[in-house]
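The structure under discussion appears below in the form of structure tokens.
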Amino acid sequence: MNVHGPTPNGYTYVLFINYHGKSGESLKAVKRYELMKSKGIVPDVVAGNAVLYSLAKSGRLGMAKWVFDELKAMGISPDIITYTMMIKCWSKASNADEAMKIFSEMIEKRCVPDVIAMNSLTDMLYKAGRGNEAWRVFYELKEMDLDPTDYTYNTLLAGLGREGKVKEVMHLLEEMKSKSCPPNLITYNTVLDCLCKNGEVNYALDMLYSMSMKGCMPDLSSYSTAMYGLIKEDRLNEAFRMFCQMKKVLAPDYATMCTILPSFVRDGLMKEALHIVKEYILQPDAKVDRSSLSALMEAILNRAGTEKSIDFAENIASSGIHLDDFFLCPIIRHLCKHKEALAALELVKKFENLAVSLKTGSYNALICGLVDEDLIEIAEGLFAEMKSLGCDPDEFTYNLILDAMAKSMRIEDMLKVQEEMHNKGYKSTYVTYNTIISGLVKSNMLDEAINLYYQLMSEGFSPTPCTYGPLLDGLLKDGNIEYAENLFEEMLECGCKPNCAIYNILLNGYRIAGDTEKVSELFENIWSSRE
């Protein structure tokens, strides 16, 4: 003992390494490990395992490999824990080859793996699409007199299920029972999934109803899987009855909604669909935010089509379920995407009579659709209506209106909108400035557009191809080839990579100028840049 107290020994350092590892502080564990070595204490396999545990837990594969190799270089023989940690590391990295190398080395060194290592290896091999090797590991496990766990069986059942091997799944399930390894909830849900996806729905229903008798209560996943199977076979009435039975003991969740609603709407079962929605939104933890309900409506659109989806949204609105415009917005986007902005506008008017008011996101989708179809006046009218109803435009709305005014070459109005945008606290972005530059060029104000470009560049602006496109097009159409070429060189010097639109503008400009040599040279440069 010195004047400062006892000197730490190897055991002391291992305690600290363990503490940091279990606290999720893998870097501190490594530092403590390095400090231990710097004090002249040679690590043993226990110290190595302690630091490997922390690295495996945090997924730091590179460091783990370095520690593992260092231990062997120091003549320290890895034990079962060491090998298991390395298998876990390689499994996390989805590197089946390296994991199998560790496993082979483990067997070669007569270090019998435990079931945890075997489970990790089996799971990783199946996920890597190497099912045959996973089964080889399983058979080796039994040859070593190691009893497979429920995790082992569940991994193999999931793999067989993905391959659609129903008979093999049922055989393995029976083996599991005979080995005194009772199936758990994960087991049953895995088997139910396999049965329902492979045309054995009746068998799945028998299993679902017998689960509770075997001491395993079905959960939401169990019921959702069975309902999915029924829906897949167009047995929607049975699926609805199962939903009603389920909600007596379990509250429906978002996954349940996504499983059954799209098909119910497709088949016109609006009464049942409304019942499901009402039951869902009554739950305290129901996902009734814009993102979740929009995603649900998009799934309904994909499954049921536009007409029935609109019918469903109308039923929701007229039933008094207040979900803002969450179900309406995806329909607006869908119609506008298919160049039906006027139909979307008519739909909005219809929903206004059902007390559904648009939020900013819905206005943006509709204005965007109108501008894309060059219905500029209607888009501007909707913009004015939006503000008069107290719905605040956002940055995206302003950029859409700027684009509309640029297309109609109304520069003065465009600059007024930009000023309003700034007054509302929104800064002009590269999208804003690109739109203004494009509008100036279209309005035969090329000099003003170029001046704005250089002013922005002096202020640290980062241009994009959409900045240069209108400027190059304007210069070339004016016959100012040399200026356009200089600007193109500036673009390259700024690190702004030309896209296809830029090259097309240049090729068209040279073609109009009759400079076939330049056209040929540029064409060669385009192809050589792609090689």
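From the backbone N, Cα and C atoms, a Cβ is placed for every residue, glycine too.
Taken from TrEMBL, the feature repeat 'PPR' covers 9-43, 44-78, 79-113, 114-148, 149-183, 184-218, 219-249, 359-393, 394-428, 429-463, 464-498.
In the repeat 'PPR' (429-463), helix, strand and coil residues by DSSP number 26 helix, 0 strand, 9 coil.
Here the repeat 'PPR' (114-148) has Cβ contacts under 8 Å with residues 80, 83-84, 87-88, 90-91, 94, 96, 99-100, 103, 106, 155-156, 158-159, 163, 179, 181 of the same chain, all six or more residues outside its ends. Counted with DSSP, the repeat 'PPR' (9-43) comes out as 26 helix, 0 strand, 9 coil. Away from its own ends, the repeat 'PPR' (184-218) comes close to residues 150, 153-154, 157-158, 160-161, 164, 166, 169-170, 173, 176, 225-226, 228-230, 232-233, 235 of its chain (Cβ-Cβ under 8 Å, at least six residues beyond either end). For the repeat 'PPR' (44-78), same-chain residues at least 6 beyond its ends with a Cβ under 8 Å from one of its own Cβ atoms are 10, 13-14, 17-18, 20-22, 24-26, 29-30, 33, 36, 85-86, 88-90, 92-93, 109, 111.
Confidence in the repeat 'PPR' (429-463), given as mean pLDDT, stands at 93.
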